[in-house]
Each structure stands twice: as structure tokens, then as C-alpha cells.
Amino acid sequence: MRVLMGLAQGPIFPALSVLLAAWVPKRERGTLGTVCYSGSTLGIILSNSCSGLLLSNFSWPVTFYVFGGASVIWFIIFIFLCTSSPMTHPCIKPKEMMYLVESIGQTTKDKPPIPWKRMLLSTAMFGVIVSQIGHDWGYYVMVTFLPKYMSDVLRFSIKSNGLYTSLPYLAMWLASLASGPLADWLIRTGKLTITTERKILTFLSAFLPGLFLVIASYAGCNKIAVVILFTISMLCMGPYYAGQKLTPMDMSPSYAGTIMALTNGSGALAGLAASPIVGALTPNAALREWRVVFIICFVILVISALVFCFFGTGEVQPYDPLYKGPDEKEEEKKK
């Protein structure tokens, strides 16, 4: 069943990237991109907090019925409200249509074949994939094992475990929403280029979370201190959604879904590998064993972010049909 769920959820981020590339102007990618991508974090907040309450008051199947029913309701609403591009939306106003076409460009249905060789051999592609692998390793370690750590090491009850586990993700979600408009402002005002902004936020959202994870492992069984440090760690991970996560749209608006599929799939494999490795490293659920896990997590996060800082970019790549060379950009500036 978990395998089927994974197969069903796999296309979500690539499909979302295609929609955002078709609907969101470059100057608004930070704001709207973080709102959409951070929805997965909001889902964790709701599921963790509500699951604890439901499990403590009802039988366990009720939890599945509640979240399964909510997913079906959302899907029905999505079908009626969403279209693949502004040109096919029945309720869009002409002024809005004109703004989006001028800002994004009118993409054609007949795209050239995906340039697999140029895309996969691109150093920028290497940077974004490695960064995604590192981020997802740290993220899935937290998502999968934070409740276990709180239960085994800190001895939280099921009810309080759900509530306290939600706090770090609430902090991450709020930081994500705040970082999007900040990123757009930094780029719009010329304080940072798109590439520089993406690299800075990606590095900060890797180095700081890993650092606070390691510090938390030295807080012992001080429940308040550990919860605060975990919360700060995830707060610092929030800007990731205004960093590397937006680069598939930056690199290739025409093939954003393909790039996101490759990067997100690679990250999911890292998350899949994290589970048995962490389990092998913590056979006794002892604090010293978890410290090793968090140190490894810190190293992976930092190395992957540094790779992105060296190879990543926020510029449209030459293999994209919308790519404009230096001469074309100069002509646009003159106009």
C-alpha cells in the first residue's frame, strides 16, 4: 500500500512545476512558488497534530478515513478550479491574460523533443540534483524519525508527541511563506541576481538546520530545549523553497516538469535509503546513536548545498526553447 501511495504521489511536484511555469511570472516565483511547494509541510503539520488527537480519542482507522476523505474532497475542488494554462481558464479576465502572456510568454503545445543529453550533461543539472538529494535526506530523516526520537528518547506520549512534532514544521512553513516575498523583493530591487539569491537561501537552509540538529543532540533529555532546537532547525530549512526548489522553473520553463521529476525522484531515493540506514545506526534508540545520525545529516546537507553553490544557476539554460543569448538580452534592454 505504501508503494502504491508513493507511485501516486510521485507526479505531484513535477506537475505542480509545469503549472507554476505556465502561470507564474518570473518576478513572482518566490511568493507563489513557496506557497504551493510548502503545502507539503502544511500537510505534515495537520497530519501530525490531528493524528495524535484522533488516535488518542478514536480507533486508528479513523485517522485514515479523515485524511483519505480530505484528499478526495480537495481533488474534486482542484479539477473544477485548475487549468493547465491561463489561455484555457474560463474565468480569467482579459487584463490578467495579457499580463501573464507578456510576463511569461505564450507557450506552444508543440514543444521540441526533450533534449535529454544536453539536460543530463549540464553541470547546473548536476548541482540541482545533488542539492535535492542532500535536502531530502535531512528532510526525510526529520519527517520519518522525529516522532520516533520524541517517543524513544524524550518519552513523549502519543498525544503530546503529535503536537510537539508539529511545531518544527509549523516554523518551517511560516519561514517558507516569509522567504518567498523576500526573495522576490531582493531580485526585483536588484540587490541580488536570481542565481545569487537561490544559492544563498539554499546554503542557509542546509547549513543552519544541520547545525541545530547537532546542537539538539547535545541537549540530552531536556524536552523543552530539544523541542526549541528542533523548531529552530526546521525554521531555518523553510527558505529552501525560495532557493533550490524554484530552479527547475528558472533553468527551463518549458521542461520544468521534467527537471523537477529528475531532481525530486533522486531526492526520494535518498529518503528511501535514509530509513534503513538510520534504523541500522540506532538499534538501541540511544542518544549517542542519534547524535551520529544528526552529525551525518549535517555533513550531507552542507556538502550538497556547497555543490549547488558551485554548479547551480537561476538562469534559463541553452537547451530551453525560451533561451535568449547575450545579444537578444541586450536588444531587450534597449527596448
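Just so you know, glycine gets a Cβ as well, placed from its N, Cα and C.
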>> In TrEMBL, one of 36-56, 99-119 is tagged transmembrane segment. Which stretch would that be?
In response: 36-56
>> Please tell me whether the transmembrane segment (62-83) and the transmembrane segment (166-187) touch - that is, whether there are at least 3 C-beta pairs under 8 Å between them, with each pair 6 or more apart in sequence.
In response: no
>> Let me check one thing: do the transmembrane segment (290-311) and the transmembrane segment (36-56) come into contact, meaning three or more Cβ pairs under 8 Å with sequence separation of at least 6?
In response: no
>> Within the same chain, where does the transmembrane segment (255-278) have neighbours whose Cβ lies under 8 angstroms from its own Cβ atoms, ignoring anything closer than 6 residues to its ends? I mean 6 or more beyond.
In response: 6, 10-11, 13-18, 20-21, 111, 114-115, 119-120, 125, 128-129, 132-137, 139-141, 144-145, 247-249, 293, 319-320
>> Which range wins on Cβ pairs under 8 Å with the transmembrane segment (36-56): 6-24, 166-187, 224-243?
In response: 166-187
>> Could you check whether the transmembrane segment (166-187) packs against the transmembrane segment (224-243) - three or more CB pairs closer than 8 Å, residues at least 6 apart in sequence?
In response: yes
